[in-house]
Each structure stands twice: as structure tokens, then as C-alpha cells.
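Comments concern the structure below.
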Amino acid sequence: MVNVVLGSQWGDEGKGKLVDLLVGKYDIVARCAGGNNAGHTIVVNGVKYDFHMLPSGLVNPNCQNLLGNGVVIHVPSFFKELETLEAKGLKNARSRLFVSSRAHLVFDFHQVTDKLRELELSGRSKDGKNIGTTGKGIGPTYSTKASRSGLRVHHLVNDQPGAWEEFVARYKRLLETRRQRYGDFEYDFEAKLAEYKKLREQLKPFVVDSVVFMHNAIEAKKKILVEGANALMLDIDFGTYPYVTSSNTGIGGVLTGLGIPPRTIDEIYGVVKAYTTRVGEGPFPTEQLNENGEKLQTIGAEFGVTTGRKRRCGWLDLVVLKYSTLINGYTSLNITKLDVLDTFKEIPVGISYSIQGKKLDLFPEDLNILGKVEVEYKVLPGWDQDITKITKYEDLPENAKKYLKYIEDFVGVPVEWVGTGPARESMLHKEIK
């Protein structure tokens, strides 16, 4: 059994909380894309665990965890995150964590050039805007992967005669091409090389052939949960390009990032914030640059876990959700942070786009069009009631249930979970047929 948790908007929907809720039922949690450019917090027995790169299945002491071939790995950050989690009391994490030998490596110079590229782009653009990268080197790493010049985990840990010398030569060549492109930026090659010589020994026990790992697990009828990173609207192909990440963050990335066939997928859970947020630049049709947006930002505590940046806030965009559903094929939804809407008398939701009076059939791929669309809203009544202490779906206010029902009917997918507060237990389950 392979079930998948995916973000349906621009990230920060609360995927980690759903994974945390479900993880006790699974034998394996796997990540398939991205790196340490994402982030979420899980609270267990009052202890906060911040996850960026590592699978959040580590909070379950009986669960194995895999970073698949589609993930890009900054090895120093890998160990720093692991050590931070261990210092907070996470037990036997090292024996339950595995890394694909095919995963690509993020180096510090990728991070340096990530920031240089961002400055370059903001200088070129008419409005001074940039992509809004986290500066973690993710984009440049996927770029070297696509150009077939990148280095993978197996290049680093290979013990065969001459393998280390080959790694050094390729590492140096990769650095030189970056310097040719961005100038002679400061980078102590010898010091970094010495660091990686130590890290390779530390990394070796974690490395597996992830294709064999996954297919053995599937054959053994293991219960597997795939933890998506980022979200569909940040997908390199289907998101608001170029204001996207550099990997496939939808269902396609699950298949290619773990090396599994489509027929192995059972359930696909789409995580949806009850309103919409995004970090960084790019069109955002339902954004509220007013008191409503500020209220959503304040009540929702909308700051990025990885960057600390304030998130842009707006009403729920059902055009985005329908588009996301079309591509990812969600079998059920998790609506998160419904409690943030508790004090709104009326709650608009975006239901269609038009431009120059002409209604669009679907989410447009052209950002020049997307930036000019007019949004048609359906205004739904609020419930003006604190729902954070409610423990059963049936006890939600009628207007809250109507809000959820409207979402279900619009996208044609049932809501299975509803987030009603920041606590781990603040998640209501709704039976679906």
C-alpha cells in the first residue's frame, strides 16, 4: 500500500501535521522531491520538532524513513538536522533513516550561486522582483542535475579504487563552471573537500539503492506513506512558472522521485489551507492587500518555517484547488487552519477568473494573464465561534460545515480531515464513503 500526502496550493498547507497524524499506521515514510527548502513543525508530547529535509516519520519510533532519488541533499544540513532532532530526544533515528544512492548532492557553492542568481534576476527585471528562492541551493542543484554535470550520493560514498579521486575532479570541475558563470566568489575548496572526506564516512551507513528498497517494501506489503514537499502550484511544470521550485512537486514527482509505477499508488491526500497563502513573488489572484489579509496573517501566524518570511494571505482560491485536483487526482482532502476563519462574518471564496469580461475555462499558464484576472467570489456566511476545542466533526457550527461542503461540491472530492487549531490533536476526522 502506497498513500501520498501532497500540497494543493503554494505550500505551507500543513502537510506535516497530517503525516504526523497518519504516521503511526505506516511502516515507511518516504520523501520524493525537494531538499531543505521546505519546513514544518510537529509537536509530540509538548516537544517541537522542526523538519526541513528529513521525513517526519522519524517521530514514530517504529517507522523507517527514506530520502528518495528525487531529493537533493546538502550533507552538512542533513547531519545538523538529524543531530538537532536527536538532541530533543528523538530515539534510534539513525537506524531508521535511509538515503538514496541516486539522490543529487547540494554543495555550498550551489547556495552561494543561488543567491547571486537571485540578485542577478532582480537587477534584470523591470519591477525589481525575483523568484523568491530560499537560498538553499536547490535550484542550482537541479540545474546541474538536468545538465548531467551534478554529483550524486554514490559518487561521494563509493569505495572503489579511484572513486574518491574521480569525485574530487568532478567536484572541482563543477565549482569552476560556477565561477566561470558568476565570477571568482569566495570558496575554500580544500577546506570543503576535507569536510566531505569526513562526511562520506558518516553518510555511508545511511545509503541504499532506493529502487530496491521501495520495491522490496511494496512486495512485502509494507504500508508506505509518501510525504510531498512544497505544493502543486510550485511545481516546475504545472506551477506559476517561473515563480516555482525546481522539481516536480505533484503526483508525477512521487513516481519519478521514488522509482515506483503508477499502479502502486492507492490514496492521494490533498492538503488545503482554508484560505490561501504564498511566500515570495508571483501572481496571487485572491491575495488581500488590506485588513482582511493582515488579519489572516496575524491570526494564522503566517511566517515561513525555513525562511521566517511573512506569508502573503488571501481568500481560498477554488480555481487553484480545482486545477490542482485535476493534475494530482486527490482521493480526499485535509482542510487545515479552519479556525483562522472563526471571527470573519463573511468568507469569500474565489470560484472563477475572467479577463476583459471573458471567463477563463481553467487556471491560465501565462502569468501575464494570471496577473490581470478578475476573480469572481462566492460569499459564504461565517460562524463567529471558537472551534478550537471541538473534538468531533459533527459538532462544528453549521456554517463551518457548509463552508466545507461547498469546497467538496466545487472540486468533487470529499473532505476527510479538518484542522481546527495548532495542537497535534486539533484534527477532526470525517467519515467518507
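Just so you know, glycine gets a Cβ as well, placed from its N, Cα and C.
As recorded in Swiss-Prot:
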BINDING   11-17, 39-41, R311, 337-339, 419-421  GTP binding site
ACT_SITE  D12  active site, proton acceptor
BINDING   D12, G39  Mg(2+) binding site
BINDING   D12, E13, G14, K15, N37, A38, G39, H40, T134, R148, N230, T245, R309  IMP binding site
ACT_SITE  H40  active site, proton donor
BINDING   V305, T306, T307, G308, R309, K310, R311  substrate binding site
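Annotated features taken from Swiss-Prot, shown on the structure.
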{"residue": "G11", "record": "GTP binding site", "DSSP (3 states)": "coil"}
{"residue": "N37", "record": "IMP binding site", "DSSP (3 states)": "coil"}
{"residue": "N230", "record": "IMP binding site", "DSSP (3 states)": "coil"}
{"residue": "R309", "record": "IMP binding site", "DSSP (3 states)": "coil"}
{"residue": "L338", "record": "GTP binding site", "DSSP (3 states)": "helix"}
{"residue": "T420", "record": "GTP binding site", "DSSP (3 states)": "coil"}
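Within 10 Å of the Cα of R311 (substrate binding site), not one of the binding-site residues from the list G14, G39, T134 places its own Cα.
If you compare Cα positions, R309 (IMP binding site) sits closest to D12 out of the recorded positions D12, T41, L338. Between the C-alpha atoms of H40 (active site, proton donor) and T134 (IMP binding site), the distance comes to 14 Å.
Separating the Cα atoms of T420 (GTP binding site) and N230 (IMP binding site) is a whole-number distance of 22 Å. The CA atom of D12 (active site, proton acceptor) is located 7 Å away from the CA atom of N230 (IMP binding site). Rounded to a whole number, the distance between the Cα atoms of K310 (substrate binding site) and G14 (GTP binding site) is 16 Å.
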